[in-house]
Amino acid sequence: MTQHVFPIPSALAATAHVDRQTYQDLYQRSLDDPDGFWREQAQILDWVKPFTSVKNTRYSPDAVTIEWFADGTLNASFNCLDRHAQGRGNEAAILWEGDTPGDTRKVTWNDLRQQVIRLANALKKLGVRKGDFVSIYLPVVPEAIAAMLACARIGAVHSVVFSGFSADALAGRIEDCRSRVLITADEGLRAGKHVPLKKNVDAALENLPFVEHVLVVRRTGRDVPMRAGRDRWYDEALAEVPDECAPVAVGAEDPLFVLYTSGSTGKPKGMLHTTGGYLVHAAASFRAMFDYRPGDIHFCTADVGWVTAHTYLIYGPLANGATIVLFEGVPTWPDSSRWWQIVETYKVNIFYTAPTAIRSLMRDGEGPVRQHDLSSLRVLGSVGEPINPEAWLWYHEVVGGGRCPIVDTYWQTETGAVLLCPLPGATNLKPGSATKPFFGVRPALLGSDGTLVEGEGAGNLCFADSWPGQARTILGDRERFLNTYFSTFPGYYFTGDGARRDADGDYWITGRLDDVINVSGHRLGTVEVESALASHPSVAEAAVVGMPHEIKGQGIFAFVTLKEGIAENDDLRRDLIQVVRTRIGPIATPDRIEWAPQLPKNRSGKILRRILTRIAAGDYENHGDTSTVADPAVVAEIVRRVQESTNSSAL
Ligand code: WT7
């Protein structure tokens, strides 16, 4: 196979923070002397009490310890605000672009700091103390960032819940961390449509009496019911508190936030991140991987509900004093030139997005991009799923004008910040490869029997040591944390992904190996979708697998067995889709539902998703090892039906 290699642009090689030699030297040093290396990196932050210990980590089968900078103290909101407001107070921290074209706000460092201080005081007045959890269910508005930083200012722990999640999904995430305070908005606005956030909140809180206070941001100004004694308008609560609030020094290992992500069971995992290590890793990697220079305008398109936004829209950039573009809407509304119009308007230098969006924009051709002057762009980034070479080349050529390196950044909600990525001035690029480990990161490929793959080869992607941004536990479930990440390959952190290493030592992610699928760069547990389907009274059981999808990367294919006597029809299909949307949210909408009289199982009754995955991919003959199937006729019948409906929809 011929391999495109894109060498480092010479202008960047000469001026970048990290060039090829520096990367090699620093990477080696970060492995040989992690304490020295990270002590230096940690100077990117202001510490209240400097740390003396740096790395205290151990992955042994009987004990996992992850501590970084443990005896230091600091405040994240001070690092992301006060030190930049001093001297640059009237410059923009946030350039906000609303869903409706023309609806914009410039939020200066002073403005943001003032808002954070007032909200911190309002939270204190509601009884929020250090270590308490606060849930945030907001659209992509500056108030969402203020809410996160206000929690950080007083040592409270935020839990941002994606505003596209349903009332049920929100309720589960509030219940798990037992937050007594929730910050939301009257409504969200997305592609011109109103999203009933407060209504969802009211439904979510019906069975959660421990939630005492709801602060409501006026986003659209529509009338929403306010429950006396519980609900308050955000602006009114902020108006009546003092405008001073000293940042609280917290321990580096005190929690900063929890963020829920899907796993192999029906229950999402609350990944708990702490303050010092997370912020060092976020800030240092943001600077290196985007080759950030003071004055740059950074545009990360992620929603505040995902880890991408936590680390590379908010904490990493703001800790560096970067001006960020915050965009509430979608790239295709009112038309497919929206992002490029924003890039031109704000003269964006760094642009970070997901492959799925690139693929969907590619369909509309080069026209919408070419209408705009994108010459301000210097570095492009990709995250969330493997980027296919066609999308990479289009992104590079059409968006980046062939001049901008694309940093393909591999990481996870659990890893807090990047683990594998090129650095613009240091790494040759290969479309589709996340290339090399970030500083201090030790990737390892392991065979399923646990043997280490050396040199060129493929295997389970693991990491042999800790890194500062790593999640410290799953909230309330240490056992699950240890089992999920540290028990499969003792001595290693296991990502759940497969990867290949080529002859140059570059890494290529091949996708999830567990019961997790990646839909448009968002992680979904197949079991979550199955449980939602099975909650419908007509369903006996369901099996959900990923299927190849041109735009989303993976789509959701559901095989559903109905109860005795229930008729298979399209109305029921629609009902099932509705159930999933209500239980989880629109992102989990199945792309295809097939009726299966029975599901393929092994002799002990375990559903064989492996076989269904092949069928969903259109592979009707080659099901791998079928010797474990209790009844082969079941597989034959499913294949017959899937083939039949594929043929009829192709007509
Ligand atoms: C999973 C993590 C990292 C923030 C967004 C997603 C996949 C992520 C890449 C990449 C190939 C990638 C992996 C990973 N993934 N980035 N650059 N190339 N795959 O965070 O929801 O925690 O999902 O996304 O499968 O395990 P997440």
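The backbone N, Cα and C atoms fix where each Cβ goes, glycine too.
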Further ATP ligand in TrEMBL, beside Gly384, Glu385, Pro386, Asp497, Arg523, within candidate set Arg378, Arg512: Arg512
Span of the ATP site, taken as the largest CA to CA distance across Gly384, Glu385, Pro386, Asp497, Arg512, Arg523 (Å, rounded to a whole number): 13
In sequence order, the binding-site residues (Ala191, Lys193, Thr308, Ser520) whose C-alpha falls within 10 A of Gly384 (ATP binding site): Thr308, Ser520
Farthest-apart CA atoms of Arg190, Ala191, Gly192, Lys193, Thr308, Ser520, Arg581, residues recorded for CoA, distance in Å: 24
Least buried by Cβ count (within 10 Å) of the binding-site residues Ala191, Val539: Ala191
Those recorded positions in Arg190, Ala191, Lys193, Ser520, Lys606 whose CB falls under 6 A of ligand 1, listed in sequence order: none
Fewest-neighbour residue among binding-site residues, criterion Cβ within 10 Å, set Arg190, Lys193: Lys193
Candidate with the highest Cβ count within 10 Å, taken from the binding-site residues Thr308, Ser520: Thr308
Conformational class of Arg512 (ATP binding site) under the three-state DSSP mapping: strand
